[in-house]
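Enquirer: From TrEMBL, for reference:
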DOMAIN    56-311  domain 'Thiolase N-terminal'
ACT_SITE  Cys142  active site, acyl-thioester intermediate
DOMAIN    321-443  domain 'Thiolase C-terminal'
ACT_SITE  His398  active site, proton acceptor
TRANSMEM  424-441  transmembrane segment
ACT_SITE  Cys430  active site, proton acceptor
Amino acid sequence: MEKAIHRQRVLLKHLQQNPSHSSFHLQSTHLSASACVAGKSSYGKTDASEVDDNDVVIVAAYRTAICKAKRGGFKDTPPDDLLASVLKAVIEKTNVKASEVGDIVVGTVLAPGADKLVECRLAAFYAGFPETVPIRTVNRICSSGLQAVADVAAYIKSGFYDIGIGAGLEYMTQDSIITTLRNSNPKVETLAQAQDFLLPVGITSENLAQRYGVTRQEQDQASVESHKRAAAATTAGKFKEEIIPLPTKIVDPKTGEEKKIVVCVDDCIRPNTTLMDLAKLKPSFQKNGSTTAGNSSQVSDGAAAVLLMKRRVAMQRKLPILGIFRSFATVGVDPAVKGVGPVYAIPAALESARLVLSNIDLFEINEAFASQFVYCCKKLALDPKKVNVNGGAIALGHPLGATGARCVATLLHEMKRRGKDCRFGVISMCIGTGMGAAAVFERGDT
């Protein structure tokens, strides 16, 4: 218990000092994709009268802090409390009546069967939603939170309802990653691609690094940069705009003593991470490999929620528009190197939005492993100054079902800060089993 409390205090103390800034150096097949478009891109528009009242817009996006699983600030917090806090926030901060929400879709991955749906429904009740508001969960592994947002956008665009919430939740303190199927079909042994499908994600990271020549030093440098940027963002108070402080408790496992705390800062960040420290870590998955605990995303707990509606509805209510949902695409890739997903998903989403890479001002690319993050950035020839400017999952943590929705909050609040110089942003991630997802957002008129 004391360690978790101490970690929050020490982290806040460290972050009072501005860490030095550096940037990692990134050097410079076509697959089928499924895509959805929620309104035509307004790229090139200069006349406000051209704005489409049927655009799907985001008026609020919030998240909890992200904490280390099993030993962080949320280790004794019920997961439904995490989700309830952000569901309540998007309603209260916009003065939207909870009863007006057409549906809540929650991305979540690890809980068995219908357990998580029950928790999510309870969370909605705790947040003040009446029983008339439905809820469902969606699981596309690492992209589940983004998939939830995209699903709601598609339903709004199709006219099923005008207001909806896309959210994400993962509580890895309680729910562990499953590494093997409970009942594997014997046919798996006869199909090489099926065997690749069952590879542990760490092995696919090693496969990618070896196949595409991503070095251990490149991976460790990406980790250092992620922590530095996340620490700098926290010091500057950037995350305060998106994090909802959560009063909770923490229990001493030895004595059972409970202490009241308020979790308001990400506790996975290591501000003083260095290449020298990372070089001492042993490979986690292969004896002579390059993927370590230090250059991989962190197992963590967290939740996020995004409130979407038709532009017409937002304007009638005089709500500030944080962002506009422009497009979403998913692709399938080789499961042996599943981390390549963003390389194919990003172009697919851009094509749907009638944009090209040079139109994009900011990217949020999930850092599942530094190997795949570095490769994707190099392959797409992305400017490091535009990618994960406030750090990524290596520093912040990767609560699987919540990450996509978390990225929406982080991206849109950063675009708002940058104003007119930042028009379009992209969120993307690789997906377990061999897929990729990406979404395009346009800055709103806040």
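Cβ atoms here come from the backbone N, Cα and C positions, even for glycine.
TrEMBL labels come from automatic prediction, so no person has curated them.
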Enquirer: Roughly how many Å lie between the Cα atoms of Cys142 (active site, acyl-thioester intermediate) and Cys430 (active site, proton acceptor), rounded to a whole value?
Expert: 7
Enquirer: At the Cα level, what's the spacing in Å between His398 (active site, proton acceptor) and Cys430 (active site, proton acceptor), rounded?
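Expert: Cα-Cα, rounded: 12 Å.
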Enquirer: Cβ-Cβ under 8 Å from Cys430 (active site, proton acceptor), same chain, 6 or more residues apart: which ones?
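Expert: The list for Cys430 (active site, proton acceptor) reads Cys142, Val333, Lys338, Gly339, Val340, Gly341, Pro342, Asn366, Ala368, Gln372, Cys376, Gly436, given in order along the sequence.
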